[in-house]
Amino acid sequence: MDFYQSDSYQSHNVALPQRAPTSLEQQQTATTGETVKVSHLARRIHGWSWQAFPIGMGTGAVYVTLSGLKEHSHTLTHVETFFYFLNMALFLLNITTLAIQMFVFPMQALRLVKDPVKGIFVPLVVLSFATIIIGTIKYAVPSGHVHPGFIYALFWVYVSFSVIVCFPMLMVWFNQPHDLKTFTPAWAFLIFPMMLVGVVAFNVLDVLPAEEERAVGVLLTGYVFQGLGFFMTFFYICIYIIRIMVTGFLDGHQANGAFVAVGPPGFTALALMKLGEHAADILPLHGLVSEQAGQIWYATSVMSGLMLFGLAVFLFVFGILPYWFKVHKHLSEILGCWALTFPNVGWISTIRVLGDVFKLNGFYIWHLIMTILMCTVWLVLFVLTVYAFVKGKIFLAKSEDVIQDSLERKIAILHRSPRHSYNKEAHGQV
């Protein structure tokens, strides 16, 4: 793929950095007789990052909250399906662009993974995959396009994917010290994929017959990973409280991170209550633990979920009150604002579950209001994100950065070539 000397893309004439030109630069200038041109496409690919995945996750948040509405029509299902396919399109776009970046600009790809700030967004690819699995369960299985057996296989793919991604990223991230004064709850993204296993598990159990032995494995795995994920992220929430005690409320782009803290208790409350509901059927059918084990698990899950729901609502209010006065109103930081969507799905969906458990109509009304707000926030953020993209505020690298990475890559390839090795031996540079 040639990003240089191309008239088919929008190009920019740039001056090379103020340094002594390398032999490769001299050779290129001598050959072409012109300054280097960088295509607009090259700048887009080089400037892409893992922070693009929250857009898809926010889109998934829309159809997940809409699917929980008590009054549900066929028209609403069609709207949800549209968002489901849009989410898949965004996921494929991000995966494809980052894959091209890895091959064309490997140094930039490695830089994003190792970056202490941008690296924490790498596990979001797993979370985006989770929203697609949930959407597939809700819209492809009922229509008969996908078999429950395939969903069962996808569940274990997701569990493996979360472990394979999270643990290496944790090793990379914890291999260097971090200043607690710059702490943000977004650092917990490194754990989020494993925490969401419980949420994926109860969705899988919705389409998997309770009498099958496979249901027991999904149920237990959901509980184990939900506990692992919640308690690890709970430690991050404790550090978050300590951080704001020392420095005050998060400001600037970090103000968005306050809503990430809402995710762990919200999703755990939802997962516990739904897993407990399935446990009430699964455990007695398989004669596990005791005759009353299913009902005991369900009652305990509802009580625990209700307490965690209270924590999630508190953290949401705690983050929303100072938000407008602390956040920067810059289009270049619009990607961080997507934290207003997907972390709140857990406690908003729990509202609907509480309505079903306690038979209170007020919960259904509250859930409807929050769903409307979620859709409104998504629309505003999507419009602003598209506008920022068109204006070049996001996902657009500087031309000189593209040139620098490309030249260094070509020099590295030249040094590894047999001809270069032969020249070094000929000059006695072995």
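Quick reminder: no glycine exception, Cβ is built from N, Cα and C everywhere.
Taken from TrEMBL, the feature transmembrane segment covers 48-69 (among others). Beyond the transmembrane segment (48-69), the same-chain residues lying 6 or more positions past its ends with a Cβ under 8 Å from any Cβ of the stretch are 76, 79-81, 83-84, 86-87, 90-91, 93-94, 97-98, 101, 112, 118-119, 121-122, 124-125, 127-128, 131-132, 134-135, 138, 335-336, 338-339, 341-342, 344-345, 348-349, 352, 367-368, 370-371, 374-375, 378, 381-382, 385, 395.
Within its own chain, the transmembrane segment (81-105) has Cβ neighbours under 8 Å at 1, 3, 42, 44-46, 48, 50, 52-53, 55-56, 59-60, 62-63, 66, 125, 128-129, 131-132, 135-136, 138-139, 402, 405-406, 409, counting only residues six or more beyond its boundaries. Taken from TrEMBL, the feature transmembrane segment covers 81-105 (among others).
If one looks beyond the transmembrane segment (117-137) by at least 6 residues along the same chain, the residues whose Cβ comes under 8 Å of a Cβ in the stretch are 49-51, 53-54, 56-57, 59-61, 63-64, 84, 87-88, 90-91, 94-95, 146, 151, 154-155, 158, 161-162, 165-166, 169, 172-173, 186-187, 189-190, 192-193, 196, 199-200, 203-204, 206-207, 342. Residues or ranges marked as transmembrane segment by TrEMBL: 117-137 (among others).
Summarising the annotation, TrEMBL assigns transmembrane segment to 149-174 (among others).
TrEMBL lists 186-205 (among others) with the feature transmembrane segment. Residues 120-121, 123-124, 126-127, 130, 133-134, 137-138, 151-152, 154-155, 158-159, 161-163, 165-166, 169-170, 173, 178, 215, 218-219, 221-223, 225-226, 228-230, 232-233, 236-237, 254, 256-257, 260-261, 263-264, 267-268, 270-272, 274-275, 277-278, 282, 339, 346 of the same chain lie 6+ residues outside the transmembrane segment (186-205) yet bring a C-beta within less than 8 angstroms of a C-beta in it.
Annotation comment: TrEMBL describes 225-246 (among others) as transmembrane segment.
Positions annotated as transmembrane segment by TrEMBL: 296-325 (among others).
Long-range contacts of the transmembrane segment (337-358) within its own chain (CB-CB distance under 8 A, at least 6 residues past either end) are made by residues 54-55, 57-58, 60-62, 64-65, 68-70, 127, 131, 186, 199, 256-257, 259-263, 265-270, 273-274, 302, 305-306, 309, 312-313, 316, 327, 364, 366-367, 370-371, 374, 377-378, 381, 384-385. Under the heading transmembrane segment, TrEMBL lists 337-358 (among others).
Look at TrEMBL and you will find 364-390 (among others) tagged as transmembrane segment.
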